[in-house]
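Student: Sharing a structure with you now.
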Amino acid sequence: MSSTDRRSGFSEDCTSSAIPHDRKFDSCTKQKSCPVEEKIETDSGNSSHARYAGSGTREDPYIVVWDEEDPEDPYNWSNTRKWIITTQLALTTFTVSFSSSSYSGGLEDITRDLNVSDELAVLGISLYVLGFAVGPLLFAPMGEMYGRRIIFLITVGLYTPLHIGGAFAKNITTVLIVRLLTGIFGASPLTNAGGAVADIFTPRERGLASAIYAAVPFLGPVIGPIVGGFVADSSLGWHFNFWLMLLLGAFSLIMGYFLAPETYAPVLLRRRAQHLMKLSNGTISYMSKYDIGRSTSFVKTMKVNLSRPFTFMVTEPIVLLFAIYISVVYGTLYALFSAFPIVFETRRGWSAGVGGLAFLGVGAGISVGTVTASVQNAIYRKAMDRSPNGRAPPEARLHTAMMGGVLVPIGLFWFAWTADPPVHWIVPIIAGFPFGQGVCQILQSSTAYLMDAYEIYFASAIAATIVLRSIFAAVFPVIAPTMFNSLGDAWGMSIFAFLGLACTPIPFLFWNYGKGIRSKSKYAYKESDDLS
């Protein structure tokens, strides 16, 4: 990576965002207020006493930056190391998302054993997912202040043993409290994993990794009911699902401890600056380039990060519309966790374990959707090659979202009107395939688009979508049984299909008008930034 890629400074606005700074295409690189970074070796040539821009005083500290081809810079880590980290991130994200739905496999047994209504039992899914809305707002700024690794270890370290409460639960209150708390702490890997992917992969490299990160939150919930259903049907009973969640959490925690280093560049450079100061016994001052003008107040950082996602929802049309779109398809996926038992277990008399197999169609679609990311990446690389500055417009990420936008309503309408007997059971299961593929493509493509469009503000943009999608995913499973019982299976599912159809034009809208919309944004990337 060239030295030009390293010479990017950050204003206070930039550093207040708890997100991975895209150092190759940082929107602050053109700001005149950003400091010039220059590494100067000492006369002795000893790199341990290297001098940076500045005078080393408290008023004018040395500005610590990455060296060219610096081995500690995550961008320069080997591909093997990067993919080991990515695999571990995917494992943890899978663990958390799997646990969101494996609980649903024992819903019938929970209602019977704890003597509660179906709606109250389903609340265990909703509260878990609602925790996903709270967690990102808390843990994203903490990750910026203290590093992604320590926040991961603390949150997953709390998430894992909490499942013991569910494993021994004798009443629904205990179950619901455990589900809410595990959802809150489980949200940390969902947000920090995406940030870590952007920390270690350049925009050209990150296509497949970001696609995997985007797909896993959908694949986990699809596998969960299958496993959870068979566990509940076995002699182990529904309580063992909580032990299974605990075991997966413990495995992810152990793998994270050994395989996941700190990846967040501002924290790594801050530590280097502190180390250099320690070597000088505090007589020479050093400061990371990311900390220039940055508030060290945790309260202020929290205020910025808590408010900015909601600000984006009001002021950024791109964030608002994609947040709505992602929320609709994500909420619909979670609605299936209460709808499928009605369609396949109540209507067709299947057991919970066999009923979970109905999700195989959705799972197969998600798998194929993940594979199509390679096609999208090839299109994006060609757009980069054609670009005069080597950077493709963010809209080049939207091809698969447009395809997925068509597939989602097709799958839902297909399922809606073939769900009930005498239509053969395989027909509605196959209908899950286009829905699953479309959901996966929409999330992959929109996540990559937001990452490119908002760069250093990506975490705020994605936090807005996570908060809204978690609310939808908490509400839809609760209202789905009422809709199906009141309207019938066909019209109940058709409501979700019409919502998906209404959102279909969104990626087409930004494909045609995204550049103009970004040009009017205070936060989004603009092509003029590369020319100023």
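Heads up, the Cβ atoms here are built off N, Cα and C, so glycines get one too.
TrEMBL does not curate its annotations; it predicts them automatically.
For 1-10, 20-42, the entry in TrEMBL reads compositional bias 'Basic and acidic residues'. Per TrEMBL, domain 'Major facilitator superfamily (MFS) profile' is recorded for 85-515. The region 'Disordered' annotation in TrEMBL covers 1-55. For 83-100, 120-139, 151-169, 175-198, 210-232, 238-260, 318-344, 350-375, 396-417, 423-444, 456-479, 491-513, the entry in TrEMBL reads transmembrane segment.
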Student: Can you say which of 151-169, 318-344, 456-479, 491-513 has the most Cβ pairs under 8 Å with the transmembrane segment (238-260)?
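Tutor: Stretch with the highest Cβ contact count: 151-169.
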Student: Do the transmembrane segment (210-232) and the transmembrane segment (491-513) share at least 3 Cβ pairs closer than 8 Å, excluding pairs fewer than 6 residues apart in sequence?
Tutor: no
Student: So which of 83-100, 396-417, 491-513 has the most C-beta pairs under 8 Å when paired with the transmembrane segment (175-198)?
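Tutor: If we count Cβ pairs closer than 8 Å to the transmembrane segment (175-198), 83-100 scores highest.
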Student: Taking the transmembrane segment (151-169) as reference, which of 83-100, 318-344, 396-417, 456-479, 491-513 has the most Cβ pairs under 8 angstroms?
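Tutor: Maximum Cβ contact count belongs to 83-100.
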Student: Answer yes if the transmembrane segment (396-417) and the transmembrane segment (456-479) have at least three CB pairs under 8 Å among residue pairs 6 or more apart in sequence, and no otherwise.
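Tutor: Contact between the transmembrane segment (396-417) and the transmembrane segment (456-479): absent.
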Student: Does the transmembrane segment (83-100) come close to the transmembrane segment (491-513), meaning at least 3 CB pairs under 8 Å for residues 6 or more apart?
Tutor: no
Student: Taking every residue in the domain 'Major facilitator superfamily (MFS) profile' (85-515), what is their average pLDDT?
Tutor: 89
